[in-house]
Amino acid sequence: MLDISLIMLSAGESSRFNAPVKKQFLRLGEQPLWLYATKNLSSFYPFKQIVVTSGNISYMKKFAPEYKFVQGGATRAQSLLNALSMVESEYVLVSDVARVLISKNLFNNIIENHDKADCITPVLKVSDTTIYAQEAIDRDKIKLIQTPQLSRTSMLKKALEQSSNFTDDSTAIQAIGGKIWYVQGDELAKKITFKEDLKSLNLPKPSWDIFNGNGFDVHEFGEQRALLLGGVKVHENMGLKAHSDGDVLAHALIDALLGAAGLGDIGELFPDNDMQYKNADSMLLLQNAYTLVQNYGFELVNADITIIAQTPKMKEFKEAIAFNIAKTLKTTPNKINIKATTTEHLGFVGRKEGIAVLTSVNLKYFDWMKL
């Protein structure tokens, strides 16, 4: 049996996908796409190691602690080099997680030809007339390169150490004089690059699971500046002490969103000892936090927010706060509920020393079927 490790590339920014969610975090059933693709390919062979490149190791490790994770680089080649530093096997199979339907027949065809060259590469032929710079070119000379590709580990490392400008393994190895062997590819191994590509593949729909998160924050009165709640000015000079602008409602809501998505807390995302957040606009922080939540495959179902304050009175501001939060999160105000209460003069809130906010949000998986 061949000594092979598997590398799955999953650190891309999905810039061409043009959707709120990064494609590797689209949910297929309950699994993120990267995990679905990795489990599919890893089921074909007892790989020595399974290494996944990642932009957020701590988050992805929660899904599959048995895998090895490595930080992605600025380019595909740099990510691959990082992953290769963890590989000890004679051969390495490299694939993109965006190719989710790789078949066992394709895999077997690659493995069976392992001794033919330094890199075994699946390709598709071009059937349509092909034009380059207004000139027709011989389509029989064109090959569409796919993954997975099987390489001798030492050869691939050597190739990428000499140049990191290549977008696939075979061209990197060929550039240093290595031999390439092409095998017939598979239409099902199509890479998801644009959102339209999803519609051509028979993939499981995202599950209907709901994820709840809670947030709580409290700030003390004491700054001679406006009191902001949900980005709405509630009082001219009853400002709250804070590293940022003191919007305690926005802070609690950020924590609830991050909690529901399993992405940590506000202190990790926006540290209060980081000067870039000094006097920061908390609604901008909220917007950035929700963008992150969307990137990881979630969208808002609803938010329920309780403002706990003895003073000032909140009744006349609740609607404006709900509308402003909805605008920031690019949703409709019916999904944002604002409540206000006092502590009946008990505790620090009752003594009018500060304001507390309790939030609860529900998230669901982004429905990529509607793209």
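Cβ coordinates come from backbone N, Cα and C, glycine included.
Worth saying up front: this structure is predicted, and the values here are computed from it rather than measured.
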Checklist entry - Need a hand: Swiss-Prot gives ASP217, HIS219 for divalent metal cation, which of HIS114, HIS243, HIS251 is also on that list? => result HIS251
Checklist entry - Quick one: what's DSSP say for ARG139 (site 'Positions MEP for the nucleophilic attack'), helix, strand or coil? => result helix
Checklist entry - Of the recorded positions ARG16, ASP217, HIS251, which one sits closest to THR343 (4-CDP-2-C-methyl-D-erythritol 2-phosphate binding site) when you measure Cα to Cα? => result ASP217
Item to check | Shell of the divalent metal cation site beyond ASP217, HIS219, HIS251, same chain only (C-beta within 8 angstroms of their C-beta centre) | outcome: VAL218, LEU240, ALA242, GLY246, ASP247, VAL248, LEU249, ALA250, ALA252, ALA356, VAL357
Checklist entry - If you count the C-beta atoms lying within 10 Å of each candidate's C-beta, which of the recorded sites ARG16, LYS23 ends up with the smallest number? => result ARG16
Checklist outcome for this item: Candidates ASP217, HIS243, PRO271, ASP274 (binding-site residues); nearest Cα to LYS23 (site 'Transition state stabilizer') turns out to be PRO271
